[in-house]
Amino acid sequence: MAKPVVAIVGRPNVGKSTIFNRIVGERVSIVEDVPGVTRDRIYNSAEWLGKEFNIIDTGGIDLSDEPFLEQIRAQAEIAIDEADVIIFITNGREGVTDADEQVAKILYRSNKPIVLAINKVDNPEMRDQIYDFYSLGFGEPYPISGSHGLGLGDMLDAVRAHFPKEEEEEYPDETVKFSLIGRPNVGKSSILNALLGEDRVIVSDIAGTTRDAIDTTYTFDGQDYVMIDTAGMRKRGKVYESTEKYSVLRAMRAIERSDVVLVVINAEEGIREQDKRIAGYAHDAGRAIIIVVNKWDAINKDEKTINVWTEDIREQFQFLSYAPIVFVSAKTKQRLNNLFPLINQVSDNHSLRVQSSMLNDVISDAVAMNPSPMDKGKRLKIFYTTQVAVKPPTFVVFVNDPELMHFSYERFLENRIREAFPFDGTPIRVIARKRK
């Protein structure tokens, strides 16, 4: 089941990004005391009382050229569309403002759970000022201080109480679930339609015409699949495009439900920065990945074109060195018959468990071939290694001191594991732990 989504909404300069950073536990938003400074990373994962969720900072949209009320309305509408629960942030020092009331009117029509939080209540004497906020119509307000971390626990308790009840996954374990992600108009829906042989998803040449995620069940050569098509992710740009940044939340939900993610690239447009960001989301989530270059029929080619493209992809997607690449055309169905066997292969690799004895032999041989470097007179000593998880395959290396496990040596061990076992198409994790 996909994680619940929580959106932080409020007029500019009420402290949304400070609260966002407090909740996720790291400083990922740029925070200054100027309205509209939040940019770039506007969502993250968080956890409260053992429950994980995704959280959005709606201040991440750049609407500086738009009228003030349009900025507020766009933020609120994004939250309404994407979130399961909305945290409505106000400023206790300034009281209820006209802008707060405008936000409240929009949120009130949403029928989504709203938790009203009054920020910048930094001392007990200010608590008498919270009663005016009952007029916004969302019940008990929660006084908090983002800068000092006060009151956030009570607020998050209220948020967690509104999370949807967890449902059992509706598909059997042996069903392979995969999603297609990419920028708008790279041809995700066209690929899906071509695979199915029927128009199950409405396709248009206008970017962003596929809404939300669409599950399609399919059986091929006796294997059951669930295909999850997502709305495309548009690069940051004009005001009407800026809300498309939030389609990443739709993609994240699809990614979380998937075993395999097909990262679709438009051959006509080449590789864009947004392609790399999108692929990074799937990699960070630990999903098996296939890179699909679509619209291969639409470009001029010679006998070297595939090699040139492959080298370029490997250079620009260095973090996806494990991902196979397929050059296809949804229009002509070129190489589409390769996709299902490849999906099966990377799905199997994603859930592969290896024998502990074979694994430790591989690690011992690797250490003998390339001993770890010295650090301040100490050398990393590896005692044994065990696989602790699949999807993705995750290995814990028990050592004398995890601080001595340099990133480069961790990568070296990962490469040796990949050489020994069939992990094509899947990320693997190597974690150093101190032996007790």
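Even glycines carry a Cβ here, placed using N, Cα and C.
Annotated domain 'EngA-type G 1' per Swiss-Prot: 4-167, in sequence order. Annotation comment: Swiss-Prot describes 10-17, 57-61, 119-122 as GTP 1 binding site, evidence class sequence analysis. Residues or ranges marked as domain 'EngA-type G 2' by Swiss-Prot: 176-351. Per Swiss-Prot, GTP 2 binding site is recorded for 182-189, 229-233, 294-297. The domain 'KH-like' annotation in Swiss-Prot covers 352-436.
Everything Swiss-Prot records as a feature, shown here on the structure.
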residue: Gly10; record: GTP 1 binding site; DSSP class: coil
residue: Lys16; record: GTP 1 binding site; DSSP class: helix
residue: Thr58; record: GTP 1 binding site; DSSP class: helix
residue: Val121; record: GTP 1 binding site; DSSP class: coil
residue: Gly182; record: GTP 2 binding site; DSSP class: coil
residue: Lys188; record: GTP 2 binding site; DSSP class: helix
residue: Trp296; record: GTP 2 binding site; DSSP class: helix
Residues of the domain 'KH-like' (352-436) by DSSP state, where helix covers H, G and I: 31 helix, 24 strand, 30 coil
Residue pair Lys16 (GTP 1 binding site), Gly182 (GTP 2 binding site) - Cα distance, angstrom, rounded: 29
From binding-site residues Gly10, Asn13, Thr58, Val121, the one whose Cα lies nearest Lys188 (GTP 2 binding site): Thr58
Which same-chain residues, if any, lie at least 6 apart from Val121 (GTP 1 binding site) yet have Cβ under 8 Å of it: Gly92, Arg127, Gln129, Ile130, Pro143, Ile144, Ser145, Leu150, Gly151
Listed binding-site residues (Asn13, Thr58, Asn185), ranked by Cβ neighbours within 10 Å, top entry: Thr58
Candidates Gly10, Asn13, Thr58 (binding-site residues) - the one closest to Trp296 (GTP 2 binding site) by CA: Thr58
Segment-level pLDDT (mean, integer) for the domain 'KH-like' (352-436): 94
Gly10 (GTP 1 binding site) versus Asn185 (GTP 2 binding site) - Cα distance in angstrom: 32
In the chain carrying Gly10 (GTP 1 binding site), residues 6 or more apart in sequence that have Cβ under 8 angstroms from it: Lys16, Thr58, Phe88, Ile89, Thr90, Asp100, Val103
Local Cβ density at Trp296 (GTP 2 binding site) - other Cβ atoms counted within 10 Å: 22
